[in-house]
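A.B. asks: The structure is given below, and queries will be raised subsequently.
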């Protein structure tokens, strides 16, 4: 048995139930929030490669791309203002998700979804109507606030609504929605780029309001999760009725008892964001910090929001670069569907490891092709440009069935109810923070490190794959309320958990003697 694995119990650990249409409809509405995130990732990369958009808001970049032959191919899009436009969203999202933790805990998952969707709609209006860089930046900041709330609350909602034996597949639907959002954005960019007067980017930016409106209207009718109902006011009867509808059976007492027990513990925690830093929650904190960090240093968001820019850099024309982004996203979407089918059968660790190896090889191959065939000046032969595209497809597929969906799934699984909202806030905050850093530095890195940028990302993927092998336990099909078992059986974490339990027992004995 591999280090870090543990003996698995029966599916659902004694829970009854199935995936009902009520669960499916609720999760479709909530999961559609992933389309917001995906749409923004895809749309921002597309519009920043459109000449009409660049000439209006980023004329220096436009002139570098079109006329300055002294500028290295790797540096044509290197602009601080352009990177601020792209990454300002993530600073706003980082701040917003910390506020969202309190809203989600006190007022519910649905409340955070409603707030996020509403703010996203307002931000979309500013994007479509932008006449100067300040309106564009306001657009990005409002979108970031909206995403801070939705990305914090939706994975929690999906994990708490899903039956344990299908939790992986249902939660992975959020990543599938992200991928669909990127694909839709890429297709829209391809279509509007052909508008003769050059105002197609306004359509791209303003259409973000459509999925946001769907999510916001749908969230009005969403039920709250049984976990939150019990946590909020202890209404066990209401939670029992809802749980019976969700599971399609009246035999839900075991799951209900676990939810009540978890809620009783949760009520004793006053400041979960502070509590998660206690030694007792050390394993959960490490996972909540490391998994989203590693997710971003794969370089995936470089592909997501700089793919058209990157393909233009290596010599493809505007239309071809936008279409190339569509091709990579189709591959990712298919891989997301594969992940939903296999994640609860094969488990999280296997997908992490297989996807990691796939991404390592892809990054090394891209770096090697660019090192051999793409110089500072002059173009790259089309055959090699399309070879890079094929390798990128392999890379995004590896990410889409491993680190993409599992980054949102695993941290929600391993955090007990009392710190679950805080843990998810940390996950989203780390994603936004590292995305901001990479978004701010990638174009400069590409300019200075050139093809070495991809070797750097490949090195990070090696590190994170080793981390999974040694330190990440398997969590498939185990109820979240019983997840402490994974730490007691893990070769490394059981020492910390064991020492914490011994200290707690010693304190209890000392108090009783007193």
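Each position is counted from 1, following the chain as shown.
For all residues, glycine too, the Cβ spot is worked out from N, Cα and C.
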A.B. asks: Of the residue ranges 44-66, 113-135, which one carries the transmembrane segment annotation in TrEMBL?
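C.D. replies: Checking TrEMBL against the ranges 44-66, 113-135, the transmembrane segment one is 113-135.
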A.B. asks: For the transmembrane segment entry in TrEMBL, name the matching range from 253-274, 451-472.
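C.D. replies: From TrEMBL, the annotated transmembrane segment range turns out to be 451-472.
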A.B. asks: When you check the transmembrane segment (384-404) against the transmembrane segment (319-339), do you get at least 3 Cβ pairs under 8 Å, counting only pairs 6 or more apart in sequence?
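C.D. replies: Judged by the Cβ rule, the two regions touch, with the required three close pairs present.
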A.B. asks: Calculate the per-residue pLDDT averaged over the domain 'Major facilitator superfamily (MFS) profile' (26-476) and state the result as an integer.
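C.D. replies: Averaged over the domain 'Major facilitator superfamily (MFS) profile' (26-476), per-residue pLDDT gives 86.
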